[in-house]
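Novice: Pulled these from Swiss-Prot:
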- Asp146: active site, proton donor/acceptor (ACT_SITE)
- Asn8, Glu383: Mg(2+) binding site (BINDING)
- Lys15, His206, Val207, Gly208, Asn209, Gly210, Asp283, Met284, Arg285, Gly331, Ile332, Gly333, Glu334, Asn335: ATP binding site (BINDING)
- Arg89: substrate binding site (BINDING)
- His178: site 'Transition state stabilizer' (SITE)
- Arg239: site 'Transition state stabilizer' (SITE)
Amino acid sequence: MTKTIAINAGSSSLKWQLYEMPEEVVLAKGLIERIGLRDSVSTVKFADRSESQTLDIADHVQAVKILLDDLIRFDIIKSYDEITGVGHRVVAGGEYFKESSLVDEYALAKIEELSASAPLHNPGAASGIRAFKELLPDITSVAVFDTAFHTSMPEVAYRYPVPNRYYTDYQVRKYGAHGTSHQYVSQEAAKLLGKPIEETKIITAHVGNGVSITAVDGGKSVDTSMGLTPLGGVMMGTRTGDLDPAIIPFIIDREPDMADAERIRHVFNKESGLLGISEKSSDMRDIIAGKEAGDEKCTLAYDLYVDRLRKYIAQYFGVMNGADAIVFTAGIGENSADVRASVLDGLTWFGIEVDPEKNVFGRVGDITTADSAVKVFVIPTDEELVIARDVERLKTK
């Protein structure tokens with residue numbers, strides 16, 4: 001038995017889960033927030049206990065040191081030597097990484113180089129990797145890429161209709177994201193369908209603060225909503241999703257300060273989506289509460305969100321010439337019966353029949369009637385488990 005840590009590091013946070021492998025037993029999990037800010041919070045959950053502490057954490061190295069010390073302090077491990085592998089979620093792997101990879105200095109340099117494709121994610125992941133390499137230099141270090149699952153997309157799906165030089169010189173193309181989640185839930189959906197995944201057509205909807213939809217044909221991603229960066233596709237909590245590119249010069253003509261690329265990136269990534277339309281919140285629970293209270297901006301934000309989700313799901317029926325199932329996963333997908341019902345209400349033409357009671361009260365599994373031509377599943381995602389499995393697989397190579 002060995003112990004593996006799955007890491008999801010952001011610019012100011014570090015989410016982790018410790019597994020006993022290959023048994024896939026979760027020994028502990030935790031979250032460190034506000035890294036680099038005052039009053040950082042570290043939370044550890046294990047054996048039906050939850051322990052939190054507030055302290056100042058300067059950087060990711062200090063965050064990892066606190067994580068490791070907590071594992072000892074709470075007697076979850078006796079020694080650092082028990083940890084033999086660490087897997088890191090990395091959003092953007094570009095065309096360099098077609099699958100999960102052992103991390104050496106070359107791989108780490110490439111991950112940092114690809115930060116332009118995931119400016120909100122890759123820098124944090126790189127910081128997490130460097131922190132573990134400094135503190136536990138001898139363990140197996142693996143990068144698991146959100147984009148890897150989508151490398152099976154055909155060129156017709158991933159190319160943009162811009163001059164060829166932008167692709168050949170700068171690799172401007174669709175890469176997608178949330179691939180680890182889409183891979184996991186599509187495999188689980190195939191089990192629920194009782195069919196080999198190679199014989200299935202599944203539309204997976206990862207609906208959280210970030211949102212992406214993927215067409216999975218025969219277990220392979222054939223199209224996905226996020227694009228060159230995680231900004232593309234469906235409207236999200238604070239991100240625009242797809243836009244007419246002419247909006248950018250149009251706004252710059254009227255607000256010259258928007259000519260700064262960093263300013264545009266910030267507005268479209270941090271001030272848009274549900275937050276931008278509602279002018280209240282990026283949290284769907286707040287949006288629904290506002291809608292129910294008669295707030296017109298919250299109602300519009302909700303309706304726009306549902307509309308964009310429905311359109312992408314519908315278009316992937318066309319991409320695959322049908323679908324056996326739709327899967328909802330991630331925070332909103334798993335927990336908001338309202339959003340699921342609203343989205344599916346506009347897809348009845350495909351033969352979808354939702355069981356209202358199952359949708360409201362059934363947290364996991366099939367939420368359709370026995371007569372539904374297309375099944376709809378609610379499946380909790382488990383990206384950390386996929387990461388731990390890839391570490392175990394690459395350790396034995």
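Just so you know, glycine gets a Cβ as well, placed from its N, Cα and C.
Describe each of these features in terms of where it is and what it packs against.
Specialist: Reduced to three states, the DSSP call for Asp146 (active site, proton donor/acceptor) is coil.
According to DSSP, Glu383 (Mg(2+) binding site) sits within a helical segment.
Counting every protein chain shown, 19 other Cβ atoms lie within 10 Å of the Cβ of Lys15 (ATP binding site). In the three-state DSSP classification, Lys15 (ATP binding site) falls within a strand.
Residue environment of Arg89 (substrate binding site) contains 24 other Cβ atoms, counted within 10 Å of its Cβ in all protein chains. Under the three-state DSSP scheme, Arg89 (substrate binding site) falls in the strand class.
Neighbour list (His178 (site 'Transition state stabilizer'), Cβ cut-off 8 Å, at least 6 residues apart, same chain): Asp146, His206, Gly210, Ser212, Thr214, Met226, Ala330. According to DSSP, His178 (site 'Transition state stabilizer') sits in a coil region rather than a helix or strand.
Counted within 10 Å of its Cβ, the other Cβ atoms near Arg239 (site 'Transition state stabilizer') come to 27, all protein chains included.
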Novice: With every protein chain in view, what's the tally of Cβ atoms within 10 Å of the Cβ of Glu334 (ATP binding site), excluding that atom itself?
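Specialist: So the number of other Cβ atoms within 10 Å of Glu334 (ATP binding site) is 17.
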Novice: If you measure from the CA of Lys15 (ATP binding site) out to 10 Å, which recorded positions from the list Asn8, Arg239, Glu383 are inside that radius?
Specialist: Asn8
Novice: If you measure Val207 (ATP binding site) to Arg89 (substrate binding site) at Cα, how many Å is it?
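Specialist: About 18 Å separate the Cα atoms of these two residues.
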Novice: For the C-alpha pair, I'd like the distance in angstrom between Ile332 (ATP binding site) and Arg239 (site 'Transition state stabilizer'), rounded off.
Specialist: 15
Novice: Quick one: which of these recorded positions, Asn8, Arg89, Arg239, Glu383, have their CA within 10 A of Asn209 (ATP binding site)?
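Specialist: Those close enough are Arg239.
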Novice: Taking the residues Lys15, His206, Val207, Gly208, Asn209, Gly210, Asp283, Met284, Arg285, Gly331, Ile332, Gly333, Glu334, Asn335, which the record names as binding ATP, find the longest CA to CA distance and state it in Å to the nearest whole number.
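Specialist: Output for ATP binders Lys15, His206, Val207, Gly208, Asn209, Gly210, Asp283, Met284, Arg285, Gly331, Ile332, Gly333, Glu334, Asn335: max Cα distance 23 Å.
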